[in-house]
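Since the structure comes first, as structure tokens, the remarks are kept for the end.
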Amino acid sequence: MNQHAVILATASHDHTIRLWEAQTGRCYLDFDYYDPALVPPDALHVNMHVNRLEITPDRRRLVAACNPHILLFDLNSIDPHIPVRTFVSHTNNVVAVGFQYSGNMMYSGSEDGTVKIWDLRVRECQREFRNDSPVNTVVLHPNQTELISGDHNGNIRVWDLRANSCSCELVPEVGTPIRSLTVNLDGTMVVAANNRGTCYVWRSLREIQTMTEFEPLHKLQAHNGYILKCLLSPGNNRYLATASSDKTVKIWNVDNGFKLDKVLTGHQRWVWDCDFSVDGEYLVTASSDTTARLWSMRAGKEVKVYQGHRNATMCCTLRD
């Protein structure tokens with residue numbers, strides 16, 4: 001088990017991944033990432049950057065979704081900067097990655113227009129779903145049997161892992177890219193955010209156990225610019241966080257009809273990513289201003305700034 005009770009990781013266009021002590025802000029590990037599948041060595045960094053970071057459920061490994069491969073790092077290794085596995089199949093930016101609860105199955109989505117299923121114990125792709133436009137976001141439904149994707153043409157699709165087919169499709173705004181998707185822990189609500197700063201909220205019908213049928217619940221004009229990430233808080237699901245190109249993160253009260261609760265200001269450039277603590281009391285954000293920041297939801301204020309990257313900080317992940 002990793003010695004740190006809280007694992008906070010960030011990745012930047014400076015081609016480094018950093019792990020931080022969440023409370024002190026100290027970077028205790030940083031390394032240049034590279035893809036051993038790309039040769040020659042002098043071309044290792046060409047067009048290769050991390051779009052998404054995730055920590056495996058067992059907290060032992062870190063997965064980086066890159067362009068075009070997926071890298072798996074062992075956080076307990078003597079040389080954690082050397083990928084222990086490279087997943088090669090996508091042909092363009094991998095923009096989404098995540099895991100089933102068991103930790104053995106990984107899913108990914110890419111701008112090559114595919115959603116893929118992987119077994120972490122082997123290198124080869126196990127299954128593939130083909131989309132008709134670049135995929136921007138993918139989330140796993142809590143029932144563990146369905147993936148929901150959003151694409152550049154504005155389509156939201158539910159992929160049934162049991163039937164190996166698309167079981168449902170939604171198009172909230174034709175031609176407006178879906179940038180981010182989030183599902184609450186009991187699977188009763190899904191939120192989609194797009195490039196026009198709008199969030200669409202659906203409720204799953206109570207008698208339906210999957211997300212294959214949706215009931216429109218709310219439309220929220222959250223920002224004037226792009227929404228780059230939307231995320232429902234865990235636990236009591238009180239908050240929806242929206243991170244935007246307008247340099248802010250807005251916090252919306254789910255129980256109060258998505259009323260604006262607070263605006264987190266402090267970042268100087270686009271805010272690309274965010275992640276809640278397990279109790280929903282804290283939020284970490286990543287920005288083009290090279291920093292990541294930790295925010296208190298109660299106070300609505302920043303409590304820690306993580307500085308060290310030399311270029312845009314594009315993604316973050318928190319596991320506590």
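The first residue you see is number 1, and the count goes up from there.
Even glycines carry a Cβ here, placed using N, Cα and C.
The shown structure was predicted, so the numbers you read here are calculated from the model rather than taken from an experiment.
According to TrEMBL, the feature repeat 'WD' maps to 1-30 (among others). Here the repeat 'WD' (1-30) has a mean pLDDT of 89 out of 100.
What TrEMBL records for 87-128 (among others) is repeat 'WD'.
Per TrEMBL, repeat 'WD' is recorded for 128-169 (among others). Long-range Cβ contacts of the repeat 'WD' (128-169) within its own chain (Cβ-Cβ under 8 Å, at least 6 residues beyond either end) map to 89, 92, 95-96, 98-101, 107-117, 175-183, 185-187, 190, 192, 194, 209-214.
A Cβ distance under 8 Å defines the sequence-distant neighbours of the repeat 'WD' (220-262), meaning residues of its chain 6+ beyond its ends; these are 179-186, 189, 191-201, 268-276, 278-280, 283, 285, 287, 295, 297, 300. TrEMBL lists 220-262 (among others) with the feature repeat 'WD'.
Residues or ranges marked as repeat 'WD' in TrEMBL: 264-305 (among others). Residues 8, 10, 12, 20, 22-23, 25, 52, 226, 228-229, 231, 233-239, 241, 243-245, 247-251, 311-320 of the same chain lie 6+ residues outside the repeat 'WD' (264-305) yet bring a C-beta within less than 8 angstroms of a C-beta in it.
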Residues of the parent chain within Cβ reach of the repeat 'WD' (1-30), under 8 Å, 6 or more residues beyond its termini: 45, 48-50, 53, 55, 59-60, 62, 64, 73, 75-76, 80-81, 284, 286, 290, 292, 294, 304-320
